[in-house]
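Under the heading domain '4Fe-4S ferredoxin-type 1', Swiss-Prot lists 17-46. Look at Swiss-Prot and you will find 26, 29, 32, 36 tagged as [4Fe-4S] cluster 1 binding site. Per Swiss-Prot, the feature domain '4Fe-4S ferredoxin-type 2' maps to 70-100; the stated evidence is sequence analysis. Here Swiss-Prot flags 80, 83, 86, 90 as [4Fe-4S] cluster 2 binding site.
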């Protein structure tokens, strides 16, 4: 079932839900996190082999010495409301969004 909504000006709009962030493209800038009111994604550390180590909270992370870089990771996809704010601010276009009827449970 596809959900369509009508905006105030009468045009239709269909939510596109965040399902993934490309770890090879993401630069970990955090812009998407800042505009997301639902805390769908968080900053994670990644090592040189590409393994995601865990969430970075800015405190004393156990793996701080192992970090090669940081990336955004979808931690709570079910919280996404499909507004697309994260996609609009992403400088690398590294996110995948899909309509509700395309999401496999």
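Quick reminder: no glycine exception, Cβ is built from N, Cα and C everywhere.
Cα distances from residue 29 ([4Fe-4S] cluster 1 binding site) to the binding-site residues 80, 83, 86, 90 are smallest for 90. Taking all protein chains in view, 16 other C-beta atoms sit within 10 angstroms of the C-beta of residue 29 ([4Fe-4S] cluster 1 binding site). Taking DSSP states H, G and I as helix and E and B as strand, the domain '4Fe-4S ferredoxin-type 2' (70-100) has 9 helix, 9 strand, 13 coil. For the binding-site residues 80, 83, 86, 90, a Cα to Cα distance of within 10 angstroms from residue 26 ([4Fe-4S] cluster 1 binding site) holds for 90. Of all Cβ atoms in the shown protein chains, 24 besides its own fall within 10 Å of the Cβ of residue 32 ([4Fe-4S] cluster 1 binding site). Cβ proximity to the [4Fe-4S] cluster 1 site centre (mean Cβ of 26, 29, 32, 36, cutoff 8 Å) flags the following additional same-chain residues: 21, 28, 30, 31, 33, 34, 41, 72, 86, 89, 90, 95. Taking the binding-site residues 26, 83 in turn and counting surrounding C-beta atoms within 10 angstroms, the largest count is reached at 26. Those same-chain residues not listed among 80, 83, 86, 90 yet with C-beta within 8 angstroms of the centroid of the [4Fe-4S] cluster 2 site C-beta atoms are 18, 32, 35, 36, 40, 84, 85, 87, 88, 95, 97.
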